[in-house]
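First the structure, in the form of structure tokens, and then the observations on it.
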Amino acid sequence: MAEFVIPTNCSADDLLCPDPLVCYDASELDWLEVDGCGCPFWYGWTGPDCEERNGPTYFLMASTIIQGSAALLLMLQGSITFFSYYREFGLKMNAQISTMLLGIVAALLVSIWRAIVLVTTLSPSGTRREGKSNDAEKTHVLVLAERSGIGLSIMFATLMALNVSLMWVSVSRASRSMTKRLSRGLELYRKGVLIFMGIFSVGLISLFGAGLTGIVAFFALPFMIIIATVYAWGAFSITKLLNAADSARHHTSGSDGRRSLYASMIADIRACALLLAVGLLLALVGAVIYSYLSIVAPGGQDNAVNPNNSIHPVVVANECIPLGVLVVIFSVVRYTRKNVHRNVASTKDTKAALAGSTTFSKPEDEDLTK
């Protein structure tokens, strides 16, 4: 591997290699015969100064540009939805408002995270001693910023995903088929979600404060599994309740408009839950494969970034994590957009009906998430 690694007795010490090269220990690697200094092959860099690009470089460039652009579009759509809600209902803190704000922030953070990775990929000279992190002897100077971006993105996306379920609770509690027992159950669920959000946030903040940014994703994994399980149960339980309300109202009033409203609410909640579960599963699978190839498998990450490969499976798996986060954000942004449009349209219809009637009755379709 002379074309990739300069034979050097660096003894697994990156600091014995000139910047931006790092040390590779041949005793732990399948693709190397003698110790030597080489480029950080994660990014596909080659050449004496690591300025030459390879397959993994172009993959990371394409992945970060596409994902970063998608995150910016989701942030824009979330902002448009937020201002549409604000114009119609004003600024009142409820599950709808907090979910939209968390979604906007999460999308912004993902776009920043992706931009940091793109800049890192395009600047191999940033790998030097000053870039030393808490789990490597020499890294790129932007790695710590990237890990902060990962942690914050996952935190806000998770809080957003938890918070949207509170919107479903609010909608269900407005149902006429709600019993006292069900109401108490949903209130316990709401409190449980809030406690869960608090534990998750405190845990992440503690990890950041201790400088353990490298394990943030692993800390988040059990929370993601619990969220996926709860959503699979919660979304369909709540929509079952709405189905009962739909049937009861249709039986008593024969209102096709009301039935259509409830049908759309049920479809949107289930679609949101399904997409959210897909995003969580994608991120979870990516994280598990990345962890296995980087930590569990013999040789770890250095063995997984064989410079002979045109693309690194460990890098592909790692990129599935932000992709899964984006799917989660998309599911919630899509749901809040549809929910706001439905509420705005319903409010306008109610106002139009009241304008043509001398009898006032409380509008039942005003913001259902308050």
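These residue numbers are counts, starting from 1, taken along the chain as shown.
In case you wondered, yes, glycine gets a Cβ from its N, Cα and C as well.
Just so you know, TrEMBL annotations never went through curation; they're auto-generated.
What TrEMBL lists as transmembrane segment is 58-85, 97-116, 150-171, 192-209, 215-236, 271-293, 313-333.
Between the transmembrane segment (150-171) and the transmembrane segment (313-333) there are at least 3 Cβ pairs closer than 8 Å, counting only pairs 6 or more residues apart in sequence, which means the two stretches are in contact. Through the fold, the transmembrane segment (313-333) approaches residues 42, 56, 59-60, 63, 67, 70-71, 74, 77-78, 81, 99, 103, 106-107, 110, 113-114, 150, 153-154, 157, 160-161, 164, 217, 271-272, 274-276, 278-287, 289-290, 293-294, 301, 304-305 of its own chain, all at least 6 residues removed from its boundaries and within a Cβ separation under 8 Å. Ranked by Cβ pairs under 8 Å to the transmembrane segment (58-85), the stretches 97-116, 192-209, 271-293 are led by 97-116. Within its own chain, the transmembrane segment (271-293) is flanked in space by residues 161, 164, 217-218, 221, 224-225, 227-228, 231-232, 234-236, 301, 304, 313-314, 317-321, 323-332, 334-335, which lie at least six positions past its ends and keep a Cβ under 8 Å from the stretch.
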